[in-house]
Amino acid sequence: MVDRGPLLTSAIIFYLAIGAAIFEVLEEPHWKEAKKNYYTQKLHLLKEFPCLGQEGLDKILEVVSDAAGQGVAITGNQTFNNWNWPNAMIFAATVITTIGYGNVAPKTPAGRLFCVFYGLFGVPLCLTWISALGKFFGGRAKRLGQFLTKRGVSLRKAQITCTVIFIVWGVLVHLVIPPFVFMVTEGWNYIEGLYYSFITISTIGFGDFVAGVNPSANYHALYRYFVELWIYLGLAWLSLFVNWKVSMFVEVHKAIKKRRRRRKESFESSPHSRKALQVKGSTASKDVNIFSFLSKKEETYNDLIKQIGKKAMKTSGGGETGPGPGLGPQGGGLPALPPSLVPLVVYSKNRVPTLEEVSQTLRSKGHVSRSPDEEAVARAPEDSSPAPEVFMNQLDRISEECEPWDAQDYHPLIFQDASITFVNTEAGLSDEETSKSSLEDNLAGEESPQQGAEAKAPLNMGEFPSSSESTFTSTESELSVPYEQLMNEYNKANSPKGT
């Protein structure tokens, strides 16, 4: 909605400028004529009374002006008391009604101070009473409308009738008829009476025309009270008229909003408008909302895993119970090792394995044959031990069970029957050097088996090198190496290079 503040301000400034220009055109010639007449009359008085000089005439005019400012009648032999009780009552009414004619005003400091506090409490009280009086007349108008509707008059006609009666009654009683009364009592013409009526009812109160203060007039005893009551009724009518205008503007504004709402609803219900809104929505979707972009959650590793699981569930068909195309062996991925070849991870930092441990490890891998007793002993705990757990890839489980994978419930796979041996090195040989030395030792062992047999005699099986490779992984090719060749490789690696 457009802000109406600048528009109203511009309208007020324009209205003031137009009014000032019109008043200047209408009143300035009269002021110039009055000024010219004043100087002409002064010269005429000086010629008529030659003994009176210019200074004497100015002193007389100053005295007269000061007396008029104090509220004293400067013409005639009779004086008018503006501060007796009836006239003071009219002055008090002009204070609390905010009319303020200005023809009579307090002259003493005490009177001026009392006028301030009197108006401070009297103005709100008077405005409240005038508002209540206006509501009273509004209630009478409402009852008149109800009476008309009961007589069979339509609601709209009853409203129009009450409004017309209200406006005509106010205009007649407060603007049209009073000037005739003032023509008789005050000696004004009709324009002056109409002017005074409007200036008084609108609380402008210039004070150039005031009823009931002419000292040469012979007023009725109730005339001043009649004028005061007329002022109060006129202010109540004006208050009701302003409230009616405000309510009328409010109703008009509501009607305009209601019409706009209906027009908008009819526009949205039409197929052409829907199509236009869809086109507008498609074009607006291309705009980037920076706030939603900044508040977008960053994807983490868990989110990516969940997305992979959802994709696997979708590709598996959603309702199938069989394995889907995962990353495990069932989905065409990497094959899983059988339980017999699952490596055993043993980490020993400074401990040297004994000969019995080496023999047991080689026998378990099939490099050394076992005796029947040893096979029976080795087979006994295997039969009594529970079946080994079969671990499956989490993504394969997702595709089989068709359920999303919660990354928080994932636990790493721990193989309890592994055969990978990690031997810590203190000498610091790298994996590449170890692999090269192992290859050279294997070639040397095939060329000189006798040298390897001689080196087997002084072998102490209770000691293992602490400077071997840091990582050793057993594969299928190593499982076929005989026991003697392994011992030859071991002796070759531990023997000094010079021998």
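Using the three backbone atoms N, Cα and C, a Cβ is placed for every residue, glycine included.
Summarising the annotation, Swiss-Prot assigns topological domain 'Cytoplasmic' to 1-7 (among others) and lists sequence analysis as the type of evidence.
Counting residues 6+ beyond its ends, the transmembrane segment (8-26) has no Cβ neighbours under 8 Å in the same chain. If you look up Swiss-Prot, you'll see 8-26 (among others) marked as transmembrane segment, on the strength of sequence analysis.
What Swiss-Prot records for Thr98, Thr203 is K(+) 4 binding site. Shown in sequence order, Val123, Thr203, Gly205 are the residues of the chain, 6+ apart in sequence, with a C-beta less than 8 angstroms from the C-beta of Thr98 (K(+) 4 binding site).
The K(+) 1 binding site annotation in Swiss-Prot covers Thr98, Ile99, Thr203, Ile204 and rests on similarity to another entry. Following the DSSP three-state reduction, the secondary structure of Ile204 (K(+) 1 binding site) is coil.
According to Swiss-Prot, the feature K(+) 2 binding site maps to Ile99, Gly100, Ile204, Gly205, an assignment based on similarity to another entry.
Residues annotated as K(+) 3 binding site in Swiss-Prot: Gly100, Tyr101, Gly205, Phe206. Cβ neighbours within 10 Å of Gly100 (K(+) 2 binding site), excluding its own Cβ and spanning all shown chains: 16. In the three-state DSSP reading, Gly100 (K(+) 2 binding site) counts as coil.
Proximity of distant same-chain residues to the transmembrane segment (113-133), defined by a Cβ-Cβ separation under 8 Å and at least 6 residues beyond the stretch ends, is recorded for 92, 95-98, 106, 232-233, 235-236, 239. If you look up Swiss-Prot, you'll see 113-133 (among others) marked as transmembrane segment, on the strength of sequence analysis.
The topological domain 'Cytoplasmic' annotation in Swiss-Prot covers 134-157 (among others) and is backed by sequence analysis. Non-local neighbours of the topological domain 'Cytoplasmic' (134-157) in the same chain are 165-166, 236-237, 239-240, 243-244; each lies 6+ residues outside the stretch with a CB under 8 Å from one of its CB atoms.
Counting only same-chain residues 6+ beyond the ends of the transmembrane segment (158-180), those with a CB under 8 A from a CB of the stretch are 137, 141-142, 144-145, 148-149, 188, 190-194, 196-198, 201, 230, 233-234, 237-238, 240-241, 244. Feature annotation from Swiss-Prot assigns transmembrane segment to 158-180 (among others); the stated evidence is sequence analysis.
A Cβ distance under 8 Å defines the sequence-distant neighbours of the region 'Selectivity filter 2' (203-208), meaning residues of its chain 6+ beyond its ends; these are 94, 97-103, 235. Swiss-Prot lists 203-208 with the feature region 'Selectivity filter 2'.
Per Swiss-Prot, the feature transmembrane segment maps to 230-250 (among others); the stated evidence is sequence analysis.
The topological domain 'Cytoplasmic' annotation in Swiss-Prot covers 251-325 (among others).
What Swiss-Prot lists as compositional bias 'Gly residues' is 316-334.
Residues annotated as compositional bias 'Basic and acidic residues' in Swiss-Prot: 370-382.
Taken from Swiss-Prot, the feature compositional bias 'Low complexity' applies to 466-480.
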Helix, strand and coil counts within the topological domain 'Cytoplasmic' (134-157) (DSSP): 20 helix, 0 strand, 4 coil
Entry from the binding-site residues list Tyr101, Phe206 having the most other CB atoms no farther than 10 A: Tyr101
Around the Cβ of Ile99 (K(+) 1 binding site), the count of other Cβ atoms that are within 10 Å: 21
Which listed residue (Thr203, Ile204, Gly205) has most other Cβ within 10 Å, given these are binding-site residues: Gly205
Rounded to the nearest Å - Cα separation of Ile99 (K(+) 1 binding site) and Phe206 (K(+) 3 binding site): 8
